Amino acid sequence: MAAAPTVFRARLVLFLKGMAMGVADSVPGVSGGTIAVISGIYEALINALKQCHPLALRTLWQQGPRAFWQQIHGAFLLTLLSGVLLSLILMANTVLFLLENHFVLVMAFFMGLVLASCWLLRADAGRWTLFKVLLFGVGFTLTALTAVLNPVAGSTTLIYIFFSGMIAICAMILPGISGAFLLLLLGVYEYVLTALRSFQLDVIMVFALGCIVGLLSFAHLLSWTFRYYREQSYAFIIGMLAASLIVLWPWQGDVVPAADVGTVLAALVCAVLGYGVIMGFSRLARG
């Protein structure tokens, strides 16, 4: 009898992690992949996505739905992605409101999240070698480049939305690179967010299809790198996370905050709060 509550609790925690990923993915400059790494489910997610390929249909045909569901880690993916989707739909209005009215505080909070992430993940990279430092630099540089790009005037055709979904989802599962920010660069961020908020099913379905295609394709590459180059992969990821601080700097137009003391102090409090949330979340997730 004790097993059922344990399973339910594990699924609930996984669902909440999915919701946290959805919140992160809806904010330009923040990556849901970061939350997956911090909460200890990143590699499990990548390996589960890797199993979702056409050959899995052979298992469905030969061994039945139960074996197929287990092979693709169906319960894990359904629970997690349900949390992501629900969060994206429910949080669209909230995220827009916070970004429009409390931009500095939101960015400061996420800076705290990222700083804590970098600190926690340093152990996953193992002993730092020259090669790992170089990988850190490459990850930092690639991510930093997104901070200097200017948004384009995107198309709203369904084919453009499809490819935008493919591109953005690859970023969403990479810690440090924001899928929402790439949508912003592609010129469709507000259009997609508005579609989610107003339930424009044609746009949502095409965007989701693009995400699925991109996700399944990219998962194989990520799974391979984590299998054979795990520590090196984390060195690269830490570089990406560190560079995302450029995008998250609350005072985008100024190196030094040009704001009143109260706002600066509030931003510091939010950054410390974000740092504390991740440290606490990590302890709970990793036991």
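Glycine too: its Cβ is placed from the backbone N, Cα and C atoms.
Whatever TrEMBL says is automated annotation, not expert-curated.
The structure displayed is predicted, hence computed values, not measured ones.
Here's what TrEMBL has on this protein:
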TRANSMEM  75-97  transmembrane segment
TRANSMEM  103-121  transmembrane segment
TRANSMEM  133-153  transmembrane segment
TRANSMEM  159-189  transmembrane segment
TRANSMEM  201-222  transmembrane segment
TRANSMEM  234-251  transmembrane segment
TRANSMEM  263-285  transmembrane segment
> What stretch, picked from 103-121, 159-189, 263-285, has the most CB pairs under 8 A with the transmembrane segment (234-251)?
Replying inline: 103-121
>> Can you work out which residues elsewhere in the same chain, 6+ from the ends of the transmembrane segment (103-121), have a Cβ less than 8 Å from its Cβ atoms?
In response: 24, 27, 29-30, 34, 37-38, 175-176, 234, 237-238, 241-242, 244-245, 248-251, 259, 263, 266-268, 270-279, 282
> Apart from its near flanks, which chain residues at least 6 from the ends of the transmembrane segment (75-97) lie with a Cβ under 8 angstroms of it?
Replying inline: 11, 14-23, 25-27, 32, 41, 44-45, 48-49, 52, 69, 193, 196-197
